[in-house]
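Take a look at the following structure, please.
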Amino acid sequence: MSKTLTLAKKLVSIDSITPQDKGCQSIMISHLNDLNFEITDLKFGEVDNFWAIRGQQSPVFVFAGHTDVVPVGNESEWHMPPFSAQVKNGMLYGRGTSDMKGSLAAMLSATDRFVKDHSNHKGSIGYLITSDEEGPAINGTVKVAQYLKKINQTVDYCLVGEPSATHELGDIIKNGRRGSLNGSFKIIGKQGHIAYPHLASNPIHLVIPALNDLCNEVWDEGNEYFPATSFQISNIQSGTGVTNVIPGESNIVFNFRYSTQCTQEQLQSRVCAILDKRNFEYQITWEHSGYPFLTPKGKLVNACVNAIKTVKNINTQLSTSGGTSDGRFIAPILKTRVIELGPSNATIHQVNECVSIQDLEDLSDIYYHILKNILT
């Protein structure tokens, strides 16, 4: 059994449901200690994190990832126990195989091979690992990145091992992500009997024209890297549950996935301007969960594209689609180039999550060639 598969099975067999680590990081740290990495344990609250680095020179190339996984869901729907790390028909099954313990195993085996082949490599190799990516993401990567900034640790390039492939390994590299802005507002009306609307003020009727305005607004037209900013309503709540009462308030929850053409401040201002045009009282709150980031073509992107071409002989595509990742913390806090490159995302967060064993071996090979392209 290969080093990559051995490590993957060890990690997947641990039920590290977010924000628990349960020893996954100890396995990684033990492996990195053998390669003369300097390890810094960084526990914030109940979250385990670590920073590891080998070398003291630039460029600093960092692997970033997480050891926590999402809950398994209905275990009876799994073909095999979700933490048994079983192999069947060339696939490794288990929660976290694709997201993202398979990537962690590939990183470690690639690093081991690279250090043994190039013991005097230039620059430095780092690892930024957390157990708080799938949960609130409060005491994880964001805190580690802030710590690294505080100690003036530079990071020139960062590869996050999130599952990025759509149809085959290496077909997609995420070279950026949209920002995410959550909002919620309450429309204040006046409760009353539904047969006497003149004695009440229906907040649902009041808010519908404003919602139409928000849904029809063109926030921007995107650019060559990002699609147009998206506004989506995720929740509308109102009423008392009976048919004869006009509600006294209505609550709306929404989200922006926004491009680099907008800022959170601009979006907030424009939403309030649209609401202010309407004759109702409202209260609004905001939660910003991630800035957009973009890594343009250059040393890091080229190193990844060329590594994929070497191993898979395919031409990869750059994409900024999808949800947020911890890259949203690393890129702005450490002012660094970030890309995401990992296995298939076809079964992530699903029952019977699995990853191709051949893909894990090829991913390790790709990571090896990325290290070689940047640090030799």
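Placed from the backbone N, Cα and C atoms, the Cβ positions cover glycine too.
Straight out of Swiss-Prot:
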ACT_SITE  ASP68  active site
ACT_SITE  GLU133  active site, proton acceptor
BINDING   HIS66, ASP99, GLU162  Zn(2+) 1 binding site
BINDING   ASP99, GLU134, HIS349  Zn(2+) 2 binding site
Looking at the recorded positions HIS66, ASP68, ASP99, GLU133, GLU162, whose Cα is closest in space to that of HIS349 (Zn(2+) 2 binding site)?
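Out of the listed candidates, the nearest Cα belongs to ASP99.
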To the nearest whole angstrom, what is the C-alpha distance linking ASP68 (active site) and GLU133 (active site, proton acceptor)?
7
Specify the secondary structure state of ASP99 (Zn(2+) 1 binding site) as given by DSSP, simplified to three classes.
helix
Give me the non-local Cβ neighbours of ASP99 (Zn(2+) 1 binding site): same chain, 6+ apart in sequence, Cβ-Cβ under 8 Å, ordered along the sequence.
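Sequence-distant Cβ neighbours: VAL69, VAL70, GLU162, PRO163, ASN345, ILE348, HIS349, GLU353.
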So for GLU134 (Zn(2+) 2 binding site), how many other CB atoms are inside 10 Å of its CB?
22
Residues near the Zn(2+) 2 site, ASP99, GLU134, HIS349 excluded, by Cβ within 8 Å of the Cβ center?
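Checked against the 8 Å cutoff, the neighbours are VAL69, VAL70, GLY96, MET100, ILE348.
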Here the binding-site residues are HIS66, HIS349; which one has the lowest number of other Cβ atoms no more than 10 Å from its Cβ?
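Candidates: the binding-site residues HIS66, HIS349. Fewest Cβ atoms within 10 Å: HIS349.
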When you measure from the Cβ of the residue listed as 'active site, proton acceptor', how many other Cβ atoms are you left with inside 10 Å?
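Counting Cβ neighbours of the residue listed as 'active site, proton acceptor' within 10 Å gives 27.
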